[in-house]
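Taken from Swiss-Prot, the feature carbamoyl phosphate binding site covers SER57, THR58, ARG59, THR60, GLN84, ARG108, HIS135, PRO136, THR137, GLN138, CYS273, LEU274, ARG318, and the record attributes it to sequence analysis. Here Swiss-Prot flags ASN168, ASP232, SER236, MET237 as L-ornithine binding site, drawing on sequence analysis.
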Amino acid sequence: MPVNLKGRSFLTLKDFTSQEIQHLLDLSRDLKAKKRMGVKGESLLGKNIVLLFEKASTRTRCAFEVAALDEGAHVTFLGSNDSQIGKKESIEDTAKVLGRFYDGMEFRGFKQETVETLAAHAGIPVWNGLTDLYHPTQILADFLTIMEHIDKPLNKVKFAYVGDARNNMGNSLMIGAAKMGMDFRAVAPKELLPKGELVEEMRAVAAETGGEITLTDDVAEGVKDADVIYTDVWVSMGEEDQFEVRIKQLLPYQVNMDMIKATGNPDMIFMHCLPAFHDLETTVGKEIHEKFGLKSMEVTDEVFRSRHSVVFDEAENRLHTIKAIMVATL
C-alpha cells in the first residue's frame, strides 16, 4: 500500500506506523544517494519554510537549512529573540500568522504543548526539531545510521540506551524501537528510567510489532549481545544545576571500553546524538574536570574515537532524514 504523508505534521513517532517510518527511512537513503551523486533536488522549489528556535542548536538548524536549500526552498530563521511567540503574541495567533506566510514550520523548544498548538492552528505541516519530551527527527537519523552499519533488518537489532533514559532521547528511541519491532533496553538507575505510562503504551506497540522493551539498572544485563550502545548527555538543556547529582547517579553508566567489550559483540556500534562531553576541549568539559576531576562524562574519549563509533555518520544523517520529512510532507 503506497504511503502518502502530504500535509502531515511530524510531532512524535507515536503518530506514525512502522510502514510510514520505513518509508521515510527509504526516502532518506534515496535523497542521500542523490546528494552524493551531485543531483540537484527540486522537490521543495518555491516553498517557504520557517524555523522557530527557543533552544540553541547546531545540527538541527544546519540540517533544516541545508536540506531545504538543497531542494529549492527558501528559509527564515527566527531565534528566541526574533519573534513575539508566547510573549506579546499567543502561540495560537503566531501559528495562524505564520501559516499564512509559509508552507512548512519547524519548532525547537521546551514544551511539547507548544509544537502541538502550532500544528493545531498553523494549517501547514509542523515538524518537531526537539522538545523536552520528544526528539523524533533525531531517531530517523539514528535508524538510518543503523541500517547503514548493521547487516540486519531493524526488527532484529538489539539496542541498549545507557544513561538518563527518561529524557527526550530515551523516550523517542523507545517509541521508535517499539514501532520498528526492535529489542530495546533502557539501562539506567531506577530513578532515571522511562516513566510507566509511556512504557506500557510502547510495550503494547512492541507486542504487535514483535519488539521488546526492557528496563534495567544492571549494565551487564542491559548491554549483553547488543548491536548498538547509545548514550546522551547526563544533563539536558535547562538542567545545568544538576551536574553533581547526575554524575553521582550516572558514573557507573559511563560508556567505556569495558562496557563495549561486555556486549560480546565485536561488530557493535556506539551512537550519540551529540554534543558529547568526551574530552576537555569544551568550556563545560573543563569546568566539570576542575570541579569533579572527570576527563569525560557519558562516554570516554577512547570509545568516542574508536572504530565502534559512528557518531559523525549519525550527525550527517540528520540532514538526509530531515530532508525526507520535508519532501514527504510538503
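Keep in mind that glycine also has a Cβ here, set from the backbone N, Cα and C atoms.
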- Note on the structure: Neighbour count check, CB within 10 A, over binding-site residues ARG59, HIS135, ARG318; minimum at ARG59
- Item | Under 8 Å by Cβ from ASN168 (L-ornithine binding site), same chain, sequence gap 6 or more | LEU130, THR131, ASP132, LEU133, TYR134, HIS135, SER236
- Note on the structure: Rounded Cα distance in angstrom between GLN84 (carbamoyl phosphate binding site) and ASP232 (L-ornithine binding site) is 32
- Residues near THR137 (carbamoyl phosphate binding site) in space but at least six apart in sequence (CB under 8 A): PHE10, THR60, ALA63, TRP127, ASN128, GLY129, LEU130, ARG318, THR321, ILE322, ILE325
- Query: Just checking, which of GLN84, SER236 (binding-site residues) has the fewest C-beta atoms within 10 Å of its C-beta?
  - Reply: GLN84
